[in-house]
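Participant: Here's the feature list from Swiss-Prot:
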- 6-92: domain 'MtN3/slv 1' (DOMAIN)
- 129-212: domain 'MtN3/slv 2' (DOMAIN)
- 25-40: topological domain 'Cytoplasmic' (TOPO_DOM)
- 62-69: topological domain 'Extracellular' (TOPO_DOM)
- 115-128: topological domain 'Extracellular' (TOPO_DOM)
- 150-162: topological domain 'Cytoplasmic' (TOPO_DOM)
- 207-230: topological domain 'Cytoplasmic' (TOPO_DOM)
- 4-24: transmembrane segment (TRANSMEM)
- 41-61: transmembrane segment (TRANSMEM)
- 70-90: transmembrane segment (TRANSMEM)
- 94-114: transmembrane segment (TRANSMEM)
- 129-149: transmembrane segment (TRANSMEM)
- 163-183: transmembrane segment (TRANSMEM)
- 186-206: transmembrane segment (TRANSMEM)
Amino acid sequence: MADLSFYVGVIGNVISVLVFLSPVETFWRIVQRRSTEEYECFPYICTLMSSSLWTYYGIVTPGEYLVSTVNGFGALAESIYVLIFLFFVPKSRFLKTVVVVLALNVCFPVIAIAGTRTLFGDANSRSSSMGFICATLNIIMYGSPLSAIKTVVTTRSVQFMPFWLSFFLFLNGAIWGVYALLLHDMFLLVPNGMGFFLGIMQLLIYAYYRNAEPIVEDEEGLIPNQPLLA
């Protein structure tokens, strides 16, 4: 069983890397068009926050080096995505986006890490408390792409709900859910089980709207901007 869980964990790491890399096409489009258009920033902000804390969890928890390395990679990738957003976001939305980034990607991680180190004296308690926080954030991470559903329904187009991000989040939830079952790890099972079902929901929505009529572009060839954050 230990060998099986190891191999499942390795597969999970590979899929996690694909999750972190899946938005590359989206951000290449943003760079080419020099506009964030109607893409949502919140999913990447949430994923950066989650990856940062999972990296810390992997560092302070014995035997979890794979968790820290893959999430360290994820934190780096998401940082690049967020910086690209900040560079191309319309001026009217720049300040609001910066405030959210500072609150969720700087202030909250510092408070969470400092709080667990202050309130819990032994390493096991600190690890468990951080695991609980990370599990909660994972649920947010899996659900954050749902913020794009309003845009999909309004425009009847899946252009701004990236398929590969939803697909790999679905796979990620499935494989890590199996891994959690093998190890009887509730911190992993609950968020990844929910991620599995949320992934199915997103894929069903994508399938429903994928043949819809393209949205109408303005005279400059760009879609009018809407708030990046709901």
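Heads up, the Cβ atoms here are built off N, Cα and C, so glycines get one too.
So that I understand the layout, could you describe where these features sit and how close they are to other parts?
Facilitator: When DSSP labels each residue, the domain 'MtN3/slv 1' (6-92) comes out as 71 helix, 0 strand, 16 coil, counted as helix, strand and coil in that order.
DSSP states for the domain 'MtN3/slv 2' (129-212), grouped as helix (H, G, I), strand (E, B) and coil, give 72 helix, 0 strand, 12 coil.
For the topological domain 'Extracellular' (62-69), the mean pLDDT of the prediction comes to 78.
Same-chain neighbours of the topological domain 'Extracellular' (115-128): 57, 60-61, counting only residues six or more beyond its ends whose CB sits under 8 Å from a CB of the stretch.
Same-chain residues lying 6 or more positions outside the transmembrane segment (70-90) and placing a CB less than 8 Å from one of its CB atoms are 13, 16-17, 19-21, 23, 27, 30-31, 34-36, 39, 41, 44-45, 47-48, 50-52, 54-55, 58, 97-98, 101, 105, 225, 228.
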